[in-house]
Each structure stands twice: as C-alpha cells, then as structure tokens.
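Beneath this line is the structure, given in structure tokens, with notes to follow.
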Ligand code: GLP
C-alpha cells in the first residue's frame, strides 16, 4: 500500500483528484465511486477541473435499501449533487434501493460490474473497518449482496437523517471480492475516529473481522490520510 499523508481534506482532495487524472491519462474507462464525507473534497476538485468523463462509466459501491434515488439521503442523490450534475459520465450505475428483491438486485448489479471492469475504485473507511457496506464478518468472497447494517454504522450515519429511526436498516453493497477486482484502489480517511480502523487496515492481520484489511492483498492501493487518521500507525 502506498500511504500519502496530507495536511487536511483540501490537500487530500488535490492528491486524490490527481490519481483520477493519472488514471484517465492512462486510458481508464470505468470508475468505481463512493459516497460519505471523505471523498467529497476529491469530487469538488475534479468537478472544478477540466477533466472529462463524458465518455466514461461510473459504478457506485452501495445504496440504502428502501429509499428512492430522489430521497435526499440516498447515495444516488449524493452522487448527483456532488459529482454527476456538475461532471456527467456517459452512464452512471448505482444499486437500485427500491428493488425489494435482494437476490435479483445483486444479480443485476453483478452483471453490470462484470460488463464494466473498474480501472479505479475509490473507498471511504467505516469506523469499524467496513468498506462499502461490507460490515465486519463479511466473506472476502462476497459479491454484490443485501446487507443488514450494524448498530455502529446506523449510529454513524444518523447525523444525516432527522433521527436514528429514519436511517435505513439495510443496504445493497458491492462485495469484498467485487471491490478487490478493481485494477487500482484509492482509500481516503480523515480524522481521529478513523485512526483505529486505519491501523487495523494497514498493520493488522488480514481478517474478515476487519473488511478493509483485505486491501493488504491488493497490488495497487493508494491510501490518503490526514495526521489524525494516521496517528496510530
Ligand atoms: C458509509 C458508506 C461507506 C463510507 C463510510 C464512511 O457507511 N457506506 O462507503 O466509506 O460511510 O463515511 P465517511 O467518509 O463519511 O466517514
């Protein structure tokens, strides 16, 4: 893993956007995108740049189950707000939170992933080491699946909803195997509340108890951290 320490999220945004620019220059066609606060400064830098994705494809990591893409807290809405409305792709895929049939949605999304192999996948990091919505204990062999969110994730995400009860309890997520299939992976984490997860991801044993630790087995990972997130390394 290549670890890049940055002063703050603004600098992290520039460094991350440069990774996108380099990948684009190398002919990348498919970009795996993520939501959460961590990638926002990268998206802001990209959307303010002259990078062009109009003939590229994006595929997102995950989506809440049970809310529509027009819901303000859906990940489709987030992506429209922070990226697609400013810098459109030729096509942008996000799991369909309104598909009530988990198996059908997983199969549909896996077919999309198979057809569109990712050149780059950006990831945030959950406080418990989750990536996408792959909570601790998820099989490293997992493909797209329906997830029951843990209490810790529901609490962490409650700040975006009026109250905790409104946070969806389930989601659709690319699996760990799907994430590992990307040619290159860019992880972004900021703040002291990520320091334990960062340490476990980089220095801990590779274990399904810490989903992000699987990244130690990937040949091409860049990690962007601020000082607080890197403080336990
Ligand atoms: C959510 C998302 C993850 C994201 C994580 C961290 O649970 N499903 O993909 O990485 O939150 O979010 P943040 O970057 O806001 O800390």
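The backbone N, Cα and C atoms fix where each Cβ goes, glycine too.
Under the heading domain 'Glucosamine/galactosamine-6-phosphate isomerase', TrEMBL lists 26-220.
Annotation comment: TrEMBL describes 62 (among others) as active site, proton acceptor. Residue 62 (active site, proton acceptor): 24 other CB atoms within 10 A of its CB, across all protein chains. In three-state terms derived from DSSP, residue 62 (active site, proton acceptor) belongs to an extended strand segment.
Residue 128 (active site, for ring-opening step) counts 19 other C-beta atoms within 10 Å of its own C-beta, drawing on all protein chains shown. A coil conformation is recorded for residue 128 (active site, for ring-opening step) in the three-state DSSP classification, outside any helix or strand. What TrEMBL lists as active site, for ring-opening step is 128 (among others).
According to TrEMBL, the active site, proton acceptor annotation covers 130 (among others). For residue 130 (active site, proton acceptor), the same-chain residues that are 6 or more apart in sequence and have a Cβ closer than 8 Å to its Cβ are 136, 150, 153, 211, 212.
In three-state terms derived from DSSP, residue 135 (active site, for ring-opening step) belongs to neither a helical nor a strand segment and is classed as coil. Within 10 Å of the Cβ of residue 135 (active site, for ring-opening step) there are 20 other Cβ atoms, across all protein chains. Marked as active site, for ring-opening step by TrEMBL: 135 (among others).
Taken together, the residues of the domain 'Glucosamine/galactosamine-6-phosphate isomerase' (26-220) have an average pLDDT of 96.
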